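Note sheet for the following structure.
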Amino acid sequence: SVLRVCSQVFSLSLSLSGLCNNFGYVVMLSAAHDILKQQGSENTTQAVRKPQCTAPNSSSYDCNPVSTAAVLLADILPTLLIKLVAPFVVDAVPYGVRVLLCVLMAAVSFVLMSLSSAVWTSLLGVVFASVSAGLGELSFLSLTVFFSRDVVGAWGSGTGGAGVAGALSYSGLVQAGLSPRLTLQLMLVVPLGMLLSYFFLLASPPGFRQWTSRQPEYEAVSSADRQRLLDEEEEESGLLKFVVPLGLVYFAEYFINQGLMELLFFQHFFLSHAEQYRWYQTLYQVGVLLSRSSLCCVKIRRLWLLALLQGLNAAFLFLAVLYRFLPSAWLMLGIVLYEGLLGGAAYVNTFYFISKEVRPPHREFAMAAASVGDSLGIALAGLAAFPVHRYFCSL
């Protein structure tokens, strides 16, 4: 049928769009430290430019002065604000306009970061990347309701691939000798890829209106309907049974990533502290990619089980930081891969079952509203990581 062919083409388009949409978010987390460090070094004397490793660290945990959660908050709070507000007002903005805004803001973020000569300019670039990712995610998730449920898996694969591609491409280009500024300028090809994949590869279903705010098949959801949709007691369509487990999973995993990973340093290992942290992040993204691409093979309806397992993971690693009983970085690398598998599975299964269980008139709003779960969990994890960092670094 026409819809089936459109869904297949849209799956490819959505996978590419998911990769491009989340690419900037991942790269900003990787690049912010380099850009800020370069800006800070411009105002220091040559004597201060000695490698940090030559100075003794007062903490037994080999801490950075500022927790890695600082950059995470700059990258997630604008996304969270977008996801909290946009589902209730974004109906007035056509999908074509939304995608153009995402492309524009992503391009501006790369330009600002690459040309920045001040800290505030770099942070503004991070904000643009965050807004682009947040608006893009809720828009593309809402768009999936006009196709078959299988396209949710394509979006999951694309966003999972963005983590691996973003981290590896940035690190690889810088390691090859390119400056962080030039690397970010080269990555302007990513917003262009989103533009091309959406407007030239996407095959719209019959009746889909690209540049108008209303779709004939799905009327606007009233305020009363939205409240019932968010009500936990509404058995058929309540969103909290999806949003809460997703938020808990992401709170636990980003508490690990930005609160505990930098403290889990193994001295007698062939990788340095920075290299260990880099591989932790890379293997986490590999795990996310694998599980977000697994919807065609396995579907997990018990989302609370994933939240419980990720919570146990965070508790175990917190105790590992406190008592230092992990024997080797190899075990830690395996745990991080498992952590990514749980997080990716929670994400893709959440939106698959929303598309399956929520009634058609409410699906578009439900997909957009539920996307706040992971962002809220990440933001809370970033806030929680600060006191943990301060406590352990004072020991």
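Along the chain as shown, the residues are counted starting at 1.
Cβ atoms here come from the backbone N, Cα and C positions, even for glycine.
A TrEMBL annotation is a machine prediction, not a hand-curated record.
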Out of 122-146, 247-271, which range is noted as transmembrane segment by TrEMBL? 122-146
Among 95-115, 152-170, 182-201, 329-353, 365-386, the stretch with the most Cβ pairs under 8 Å to the transmembrane segment (69-89) is 365-386
Under a Cβ pair cut-off of under 8 Å, which of the recorded stretches 95-115, 182-201, 329-353 contacts the transmembrane segment (152-170) most often? 329-353
